[in-house]
Amino acid sequence: MDTIRDLASEKAVVVFTKSSCSICHSVKMLLYDLGASPAIHELDRNANGREMEWALRELGCNPAVPAVFIGGKLVARSAKDIISLQVNGSLKQMLKDARAIWL
């Protein structure tokens with residue numbers, strides 16, 4: 001769990017994904033389209049990926065990916081969460097507040 005917290009605070013936006021997950025790809029593209037440059041951690045390509053996946057599940061992420069942290073806070077435990085934030089207009093403000101984007 002400490003590894004997740006440490007990684008989540010390394011950059012304004014951090015996304016935990018799997019390389020084979022198409023919805024994870026969509027979430028990453030959404031963040032890129034908004035102008036963010038997230039740190040991406042692909043669990044299936046990380047030596048500690050399985051442990052990280054279990055730690056994300058302990059944080060309430062089920063499935064474990066995509067998990068999105070903004071400003072060190074877990075803001076999306078699923079793709080549904082991040083899409084909801086985009087639809088209601090709060091995602092862009094969160095990114096601004098975390099200084100991940102400037103527009």
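Yeah, the Cβs are placed from backbone N, Cα and C, and that goes for glycine too.
Positions annotated as domain 'Glutaredoxin' by TrEMBL: 13-75. If you average pLDDT over the domain 'Glutaredoxin' (13-75) in this model, you get 95.
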- Item | For the domain 'Glutaredoxin' (13-75), residues assigned helix / strand / coil by DSSP | 25 helix, 16 strand, 22 coil
